[in-house]
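What TrEMBL says about this protein:
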| type | residues | note |
| --- | --- | --- |
| TRANSMEM | A:16-37 | transmembrane segment |
| TRANSMEM | A:49-70 | transmembrane segment |
| TRANSMEM | A:115-138 | transmembrane segment |
| TRANSMEM | A:150-170 | transmembrane segment |
| TRANSMEM | A:190-212 | transmembrane segment |
| TRANSMEM | A:224-240 | transmembrane segment |
| TRANSMEM | A:246-263 | transmembrane segment |
| TRANSMEM | A:284-302 | transmembrane segment |
| TRANSMEM | A:314-332 | transmembrane segment |
| TRANSMEM | A:374-392 | transmembrane segment |
């Protein structure tokens, strides 16, 4: 049996995942600034500033963290690292960062030049990353349940990006657009959030909830069928029309609701009951995702409701900020200190006397810091929800959003500073 | 009959359980209970490591003809965990809950990602590579 393809020890250099993690909060701050100066962005979904805000958060923040985390997690769950060198990772990060800023500008000032530059940056950045990810994913046999989710999520990301590029092409330079949009804006958002975002969260939760919190494993049947069922209902709901599509969309919301209930039960049954803000972030996220599904189901059942209430925005804030972003914030509280510790420990293997002086995870990111992050995130979430009904409060919500991301960026910076201090 | 994968995975869970009891006792300031939980954990995990280091890994290395592959990384990670056992042990002696819970959090994550590699990759691979996995399991159980 060949074992030389196994790279258990091939954890990527720290600069690859940490680079993505350290860059991402800047985009959260930028999103907050957009909301502060363009408060209408919260409720006017077709407003250019609203489109910029959403993409700063989804591409600039969430996608960058997810790419960084994938670089770290692939060798652990599959023994196959993503074959990305330091320089290539820097190129991916640079292009996605630049592309996100250019994209936001393209929304504000549509035109062929900005669009071409955005397209070029994303094709290089995402193209390089996705091609390398696929290269790693096809080598893995047999794939575990988490890997199936990662594969499906990567497929959804690809569809979302292609559909997004075509939509943007039509918006910026309709006369040169090569083909009609394959998905409308709602479907593009759905594939991005419920496809790429949620499938990744579901797949990761199957691993990390039992692992980090000593909770029971998710039932094998759920792990085997849920990601595929979510993907299939999304696909059929997109290609079919009329009542069949509505029924399938409703089914996918019910599946997500079922997942949230199950994951919450597993968290409650965890045997590691210590105070842990990652658990609290998970609980918040599962509650918000479930609420957002209830709002979506209400909209499917009573299509006239959104004319009276800002339900699309409510659902987006609950799912995006209260759900996906909360999972990311919670996971970073564990992943980052572990990553820094792991690299410190590896560097000290030849100097055992140094090992005893290494900071542990809670010294790298203290519980008090995580607690503050949790409160800031909850407060910013409440601020955004209240501002939906009291638009006068939007600037306040924007400031809370900025504070949430500044604290995250500062926490990561402080942890890294402590790492550097011990490295020398 | 139980497979290597099932047996070792359930042994991981048994170790987690002892670890958990010790950690929870520390967080509640029950130091005697913590001491007992910790020594049970150490016994359980050292026994687990012996089954791997003395029986499973050598058998795997012989079957695959490689000592530089995944088993060498697993041995290195065992050593990394042992260093953290020492830190937790020291903090337990000093009844220093903050240091202990910081070190135990680190150990927990290190241990879990190590277990994940073994459960998802190494054990299933051993069962395919070994000429007589049932016999190897038998030897491990007598360790």
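The backbone N, Cα and C atoms fix where each Cβ goes, glycine too.
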The transmembrane segment (A:314-332) vs the transmembrane segment (A:115-138): 3 or more CB pairs under 8 Å: no
Intrachain residues whose Cβ lies under 8 Å of the transmembrane segment (A:284-302), provided they are six or more past its termini: 198, 201, 246, 249-250, 253-254, 256-257, 260-261, 263-264, 267, 311-312, 314-316, 318-319, 321-324, 326-327, 330, 374, 377-378, 381
Same-chain residues near the transmembrane segment (A:16-37), Cβ under 8 Å, at least 6 residues beyond its ends: 49, 52-53, 56-57, 59-62, 64-65, 67-69, 71-72, 84, 86, 89-90, 93, 97, 100-101, 104, 332, 335-336, 339-340, 394-395, 397-399, 401-402, 404-406, 408-409, 412-413, 416
Proximity of the transmembrane segment (A:190-212) to the transmembrane segment (A:115-138), 3+ C-beta pairs under 8 angstroms: no
Residues of the parent chain within Cβ reach of the transmembrane segment (A:150-170), under 8 Å, 6 or more residues beyond its termini: 63, 70, 74, 103, 106, 115, 118-119, 122, 126, 130, 133-134, 137, 143, 176-183, 185, 187-188, 191-192, 195-197, 199-200, 203, 227-228, 230-231, 234
